[in-house]
Amino acid sequence: MAATIVGVFQPEMQNLIKDSKILLVGAGGIGCEVLKNLVLTGFSDLEVIDLDTIEVSNLNRQFLFNKQSVGKAKSHVARESVLKFNPNVNIKSYLGNIMDQNYDASFFSRFKLVINALDNKKARAHVNRMCLSVDIPLIESGTMGYSGQVEFIKKGVSLCYECLPKPEPKSYPMCTIRNTPKEPIHCIIWAKFLFNQLFGESSLDDVSMEVNEKDDLPKISAREWSIKNNYDPTKMFKKIFIDDIQYLLNMKDLFKNKRTEPILMSESILKEDYADYSHESDLKILDLFQYISMFKDSIVKIKNKLDLTNGKNLVWDKDDDDFMNFIVSCTNLRSNIFGIPLKSHFDIKSMAGNIIPAIATANAIIAGQIVIHALRALSKNYERCQSVFLRAKPNHKGAILVKDKKLESPNPNCFVCSVHGELILRLDTTRITVRQLDELILKKKLNMVLPDVMADNRILISSNEDDELDLYSFSLNKIQVVHGSRLKVDDYFQNYSVIIMIHHKEKATDEQPDFEIFNNMEDLRKRDEQLIAEENAKIVQETYDCVIEEFEKDDYRVDKVKPTYGSIRNEQTDTDMMETIDSEHEVSDAKESLTDSGDQEVSNEEILALKRKSGNEEETSEPKKSRFDE
């Protein structure tokens, strides 16, 4: 090993490597590379934890595993593999969730350094807080495709993982998903909801309509109707893609003033011959009849799997071919109905499964930089632990691996690592319940594990099961949590505290977020200004669309229009590494890219010119809206 070779390291560094106990969290793409590097460097006291088991899709980049490893724990197999490099290393492996209460502050305090090789934001935030609580250096990392980054985190020395806001996954209104889809991603989400409604654990977000078989009988759910009809694929196709669409068309005002209106398929399409699709590439977009055959086949096969569960629900898995065929066929059949561009099996699987592109060479480069950061951190050479970024393309100097000019200091307004952590929580206190505050805001959004909440010396939420509190069903205003209230929130497991100031705002429409979190009032003010600007831009766009529709109204047909759609960011691309590189040239490149994108505002003068050109000066009492407007 490198540390045992004379001349590779100074004696002091050799002793540090020999005596340092390291925790590696994650044994996936980056974790495998890091574990191998640590062993070959000479570290002899390591522990690794991962909650996953090995899948076939891991084998192309997680080289410590092979076909015989499939189904086994990643951490255990990784340990066995690296011991072949050096059997004298002391490695302990865990199959478990790092957020479990077994891995508390006393567990973390045994290590000199923690290395994160995780793939989700919640676990990263938790490890960040645990390392801050016991004052242990943390090295954070991530990759996405050919890009990646390595960051050093130390209490009071550098930015922590939560010092700067992370991009939020895009969400979509349920009314758009259920009734008026405009983009492929809307149809993909609808198909996943439909799978759960028919075969999985259904929720309130049912997307297929209830069935009224007889006027004198109550309606039954689509799941009950499917069971009653023994999941007959032809009947299910007619119900989902013909009857449900006719139901939408009967809602006269649903598509009023909108450019998207579904095209009802004829029942005669069900009489067409079977269209084979098994020989087609996943990269190819099939024809309508092939997707109908795929839908029917997937229904039969999934129904057989459901029968084997003895009444249990199925859990959707992107790696199950039958499940994936159901999603692909449903997505493209619905897209065809609403005039939305179809997508290939490959593209739909990437979006439906939230697949993050992974490149083995990118993982290897980042893993090498992690070990370099580890050596500097252990020797307390913190000023050389600047964030390092792996670029997909060389910068103006021809470099693909670039670093910040200096180590950034902690954010004084950070609600996690600052001395007085405070947050502003804007919500409708008449609608949000105590249960939603606990589960959706504190645990899911703010990544807490066991929160305790107090207001005016009253306990609202307790992590102690012995505390008999029955407030979960009450809205916040019913327990006197109103505008201006201050909540003291503690998570003793994470050794973390924060003050939350309540800012009440009535929720006017379902499309508005249920809650928003801000670091300070200035951020809240900027958000309000942004919303006003977006609303003004929407008004301009609506006016522009009305003018364009004047040109098309005589011969307009929905099926002639090719919808446009923006780039899509899915709910679990939790790589969090696409930060701006510390380079003025790179910022300039980004600005040039935006300038060249062709997205421009339409001025009032241009709108008037278009009106004059159209030669139609008549004013309508109710102008049409764009197909992109809710």
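Note: Cβ is positioned from N, Cα and C throughout, glycine not excepted.
Those TrEMBL annotations? Automatic predictions, nothing curated.
Marked as ATP binding site by TrEMBL: 26-31, D50, 58-61, K74, 119-124. According to TrEMBL, the Zn(2+) binding site annotation covers C160, C163, C414, C417. Residues or ranges marked as compositional bias 'Basic and acidic residues' in TrEMBL: 582-594, 621-630. The domain 'THIF-type NAD/FAD binding fold' annotation in TrEMBL covers 7-414. Annotation comment: TrEMBL describes 567-630 as region 'Disordered'.
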Open item on the list: Neighbours of the Zn(2+) site C160, C163, C414, C417: Cβ within 8 Å of the Cβ centroid, same chain, sequence order.
Closed with: L132, L159, Y161, E162, P410, N411, V416, S418
Task: Other CB atoms, at most 10 A from the CB of K122 (ATP binding site) - done: 16
Open item on the list: Taking every protein chain in this structure into account, which of the binding-site residues D50, D119 has the most other Cβ atoms within 10 Å of its Cβ?
Closed with: D50
Open item on the list: Let's check the environment of C160 (Zn(2+) binding site): how many other CB atoms sit within 10 Å of its CB?
Closed with: 25
- [ ] For C163 (Zn(2+) binding site), list the number of other Cβ atoms lying within 10 Å of its Cβ atom.
- [x] 21
- [ ] Within 10 Å of each Cβ, count the other Cβ atoms, then let me know which of the binding-site residues C414, C417 comes out lowest.
- [x] C414
Task: Same chain, 6+ residues apart, C-beta under 8 Å of the C-beta of N60 (ATP binding site), given in sequence order - done: A360
TODO: Compute the C-alpha separation of G29 (ATP binding site) from C163 (Zn(2+) binding site), stating it in Å without decimals.
DONE: 26
Open item on the list: For the binding-site residues listed here (G26, G29), tell me which residue's CB has the most neighbouring CB atoms inside 10 Å.
Closed with: G26
